[in-house]
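Structure first, commentary second.
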Number of protein chains: 2
Amino acid sequence: MGHTVFHEGEGKDIDIANLSSSRRHAGNVQTAYKVGFPPQKSLASELGAKLRETFFADDPLRPYKGQPRAKQFLIGLQSIFPILEWARDYNLRKFRSDLISGLTIASLCIPQDIGYAKLANLEPQYGLYSSFVPPLVYAVLGSSRDIAIGPVAVVSLLLGHLLQKEYDYVKTREEYYRLAFTATFFAGITEAALGFFRLGFVIDFLSHAAIVGFMAGAAITIGLQQLKGFLGIQNFTKKTDIVSVMRSVWGAVHHGWNWQTILIGTAFLGFLMFAKYIGKKRRSLFWIPAIAPLISVILATFFVYITRADKHGVQIVKHIKKGANPSSVHLLYFSGSNLVKGVKIGVVSGMIALTEAVAIGRTFAAMKDYSLDGNKEMVALGAMNIVGSMTSCYITTGSFSRSAVNYMAGCETAVSNVVMSVVVLLTLELITPLFKYTPNAILASIIINAVAGLIDYKAVVHIWKIDKLDFIACLGAFFGVVFVSVEIGLLIAVGISFAKILLQVSRPTVVLLGNLYGTAIYRNIQQYPEANRVAGFVIVRIECSIYFANANYVKDRTLRWLRDEEEQLKENNLPKVGFLIVDMSSVTDIDTTGTHAFEELYNGLKKNDVQLLLANPGPLVMEKLHASKFTELVGLDKIFLTVDEAVTNCSVKVQEEA
Amino acid sequence: MGHTVFHEGEGKDIDIANLSSSRRHAGNVQTAYKVGFPPQKSLASELGAKLRETFFADDPLRPYKGQPRAKQFLIGLQSIFPILEWARDYNLRKFRSDLISGLTIASLCIPQDIGYAKLANLEPQYGLYSSFVPPLVYAVLGSSRDIAIGPVAVVSLLLGHLLQKEYDYVKTREEYYRLAFTATFFAGITEAALGFFRLGFVIDFLSHAAIVGFMAGAAITIGLQQLKGFLGIQNFTKKTDIVSVMRSVWGAVHHGWNWQTILIGTAFLGFLMFAKYIGKKRRSLFWIPAIAPLISVILATFFVYITRADKHGVQIVKHIKKGANPSSVHLLYFSGSNLVKGVKIGVVSGMIALTEAVAIGRTFAAMKDYSLDGNKEMVALGAMNIVGSMTSCYITTGSFSRSAVNYMAGCETAVSNVVMSVVVLLTLELITPLFKYTPNAILASIIINAVAGLIDYKAVVHIWKIDKLDFIACLGAFFGVVFVSVEIGLLIAVGISFAKILLQVSRPTVVLLGNLYGTAIYRNIQQYPEANRVAGFVIVRIECSIYFANANYVKDRTLRWLRDEEEQLKENNLPKVGFLIVDMSSVTDIDTTGTHAFEELYNGLKKNDVQLLLANPGPLVMEKLHASKFTELVGLDKIFLTVDEAVTNCSVKVQEEA
């Protein structure tokens, strides 16, 4: 027993010592240490430190330190264009991996793109456009190796819903498209701006639980929307809530459903689900569910073509415009009320798109153990959407399902995205006419199958087990989306997330401490029922920074512990409490309202002849208690290094007086 | 040395022991204590406890406990009508005190009421109406003994500003008044509802610093508005920002200022300020500044009457309607867009009025050492505004300056408010015609003198000293009010308050700990430069609950400490870090995102051959780490009671292995 210690002094000299011998007397004698004041800092350095910790918590300038200027320039360039970094040791082996994974995700994305474009009320080719340009931009600027870029279901649904509220996609087609590109542009601006100003942490404010609920709700809503194509209903509601959709569906049951459509849809949905099952059963067969959608599309299209099922009411895609993305720069709104609408829709959809992409990036970076600069990622995602908005793309982001396939197919770099992009281009240039006879039912089946994965019931069970409040947030977001609209669901998700933070902050815990017999340790008596309360003392521990939102509560709660204790003592005819010790170990910070509350606490206690003692205040707290002259009021000798010292010290005094 | 301990076990048996002897061995041996799991609680009792702590933190049912039913009924009745409680031992001595203080605040409120009504763009009698009915209602329902009820400057300004944005008070007079009463009604509903649903704590979310800035800004704005009356300008801007007002003032300098008016205003402002100075100098002369305004009004009115200065351009009040409050029930809007406007204005103004009243109530309750139920107070304030809105009153609340005078004049109960109310009634019934010749300049002087007290420069200095971020919040609110509008200033105040909470939550501190030589105590090495880092260990302390808003940051920051340490070790050719100890003492709670981040931390460390050890996790944290199976992942033997035990334990292992 015994271990080495090295000194953190002025120099770097290492001081080896044996702790255990010197520590023999610890605990029962007063230590020689005083509660430390932090080193005095100037306002500038204090604010600087705060800003640095807030915006540059990841220390992005670390690699530049101590490097020659030329090297610094190179690192800077590489950090803007990560492609310069990984392209240098790119080789054929890596390319083979990327080629395979790129082809796999391309086969998955083509049918999905067409379906998702319909979710956003856009013509099918716009989905393909969006899988061509943005992945290329991302490959140059992005640093995730596994993310697969393109349109995703939830953002498509959200965008379609928000756009439709402003313009009808049939009656005011031109405005609808122009607003879609404008929103995409501002989604990109939002993402890039958040990254550039290092505000990426704002997306952390959407709680995981709320996202799980929102995603599951969105999946149900998207699935319900697919009933139109799946059942072959002609007149379908434009609302997304479950009540309207169900009314639409059952209202059409007698003369709206088309059995041929249902047959095709059901058969292929069964096929897709079986493929998925196989992929889950054996991970090496992951490529079966990945190419199943494309196979389904080919088979179904061929089937409709030879049977001419479209004559029997089976709805088909009919027409996909041939050729690569046209320019859409001239379509963006940069003035008037449409600009405001575009900004609004763009900010909301952009944030949601960002949330998804960042979650994906983080997940796979953790799995492959490389680090990802969230803020830089956001700039890349933003740039890709800005360029996209000028080339007829709508909002794109990372797709969870396709990224997972990309990862399992063994992608090495963003080149897999480039491969996918090239395949999509070839599709647009060459084979779009072949999609003419693709039945809508098969697209519906593919989407239903894809979004089913968004319902993360395991996460819901996990949340239920761990945190009931989180579970309520999750349910709230879910029901909001399903019963009202995506927008309301999102609002509920955000609202609950914030309410949770505010609740947590306004009601911090103040617990009663007791001594563990035979030690100098004081612990929460609820957690350690064996901990003994010390007669004559009430020892509480405030477990949060104290500031305006909770100062009054903390003060009142502390006094309530004292009152409870005094009542109990009275019942037992025991001497009254003489000391209130507040363990400040967990109080990181205190503001003016907090110091004021402490003054009130002190004055209130004084009237009742109870002495206030503080134990282990942190550096910031000491500084502020000093600045507000509270240390003078209560006396520096009433501030102790540990609870134990406070208890010991005052017990001595009481005995001396007696 | 040695003190008594009593056991907190099943029973209440008291166990006397001497700590010091048993503690002799503490510190250098492994204690027998394990990290406690909290007692298992059912979902209902868990949620119940949480709700109780959130909404019933003040334990309002305490007096009912263990009382017979009849007594409980009486206590219930008394808690609804506090008058039943204090009226029982009311006596002549108390009445004499209340009479004197009531007369004093009446003399202060009458001229103020007339001026404040003008601030809200209402006719002067509405100010007096508002000092008649609401104080009576409050006397029956309220529990503060010192608050003086009536119109106040800031709320009048805010209400006037918000109403004027909807309807012009000259052109659409009827709508303006109807909306004013509707807003008052909903301000009352808001206040009562917040109290009834025990949501009173929401007003704590406005930080003290922001309020100080907002109030100072409002005082400046109100003062600037008085320049109209003070300088005798006829055409004055309806905007409130300093730029517009200054333009208005200097634009009128050549043919808009009236020297007679300025003379009267300046003379009496000097008199009022002198009276204030005397009151401050000798606290027993507090009544001089209290009656100075009424004396000024009487003198100025008499002076204008005999010199007929109104013929020379001195503006006078001209007309105050005689008689008590007419009913205004039929004027309230209960439908249409005016309802929506009324609700909006009412909610905002009601909250501000509430903030002021609650602050006053708390201050004086603390000074006289009686307790005040914030939620009950809100119901009382709400009821008084609801009744007020039906009797031609506009929003009233507690006035800081008049409450202070009330307190100093020795008020005993809310009867002083009743006395004031009766005096105001007599004024309305009998002497309003006498106010005809009162010059507007004197009212302006009274208001300028009154609102000067809202500029709490001492508080600003205090805030600057203690918390720079608070100071920025204060400045932001101030400049928002002065340069833009009350509304924007308020928005800035609220925004900064929330931003501060979110910042605090998203960037908790994670500090590096070191051992205090010769003890088992580990402390922040920044605060205690003498603390030694332990070789082979990185010991960090997370000083906040971990949840979605900060889980990623906490994880990354912890890893950064490790990386920094490893780099330093590498430079010195020292062996690498083997253990990361996370002191969880201050982590009160953790959510699903938090447990997930810990799993990632564990996996990341494992890859780098660093063992993760936890020290002193709290009850909730243990429960959740257990539910999420993290305790199984990391191993229960890696969770220690204290940092010291973790260090000792692992040092032993390392030596055994060597």
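All residue numbers here begin at 1 and follow the chain in the order shown.
Cβ from N, Cα, C; glycine included.
What TrEMBL says about this protein:
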{"type": "DOMAIN", "residues": "B:527-650", "note": "domain 'STAS'"}
{"type": "TRANSMEM", "residues": "B:176-197", "note": "transmembrane segment"}
{"type": "TRANSMEM", "residues": "B:209-227", "note": "transmembrane segment"}
{"type": "TRANSMEM", "residues": "B:257-278", "note": "transmembrane segment"}
{"type": "TRANSMEM", "residues": "B:285-306", "note": "transmembrane segment"}
{"type": "TRANSMEM", "residues": "B:378-397", "note": "transmembrane segment"}
{"type": "TRANSMEM", "residues": "B:418-435", "note": "transmembrane segment"}
{"type": "TRANSMEM", "residues": "B:441-460", "note": "transmembrane segment"}
{"type": "TRANSMEM", "residues": "B:472-499", "note": "transmembrane segment"}
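Proximity of the transmembrane segment (B:472-499) to the transmembrane segment (B:285-306) is not established, fewer than 3 Cβ-Cβ distances being under 8 Å for residue pairs spaced 6 or more apart. Between the transmembrane segment (B:209-227) and the listed ranges B:176-197, B:257-278, B:378-397, B:418-435, B:441-460, the one holding the most Cβ pairs under 8 Å is B:441-460. The stretches the transmembrane segment (B:441-460) and the transmembrane segment (B:257-278) meet in space: the count of Cβ pairs below 8 angstroms, excluding pairs fewer than 6 apart in sequence, reaches at least three. Recorded stretches compared: B:176-197, B:257-278, B:285-306, B:418-435; the one with the most Cβ pairs under 8 Å to the transmembrane segment (B:378-397) is B:176-197. Within the chain carrying the transmembrane segment (B:418-435), a Cβ under 8 angstroms from the stretch's Cβ atoms is held by residues 98-99, 101-103, 105-107, 109-110, 113-114, 124-125, 128-129, 131-133, 135-136, 139, 148, 150, 297, 301, 317, 320-325, all 6 or more beyond its ends.
Here the domain 'STAS' (B:527-650) is broken down by DSSP into helix, strand and coil counts: 62 helix, 23 strand, 39 coil.
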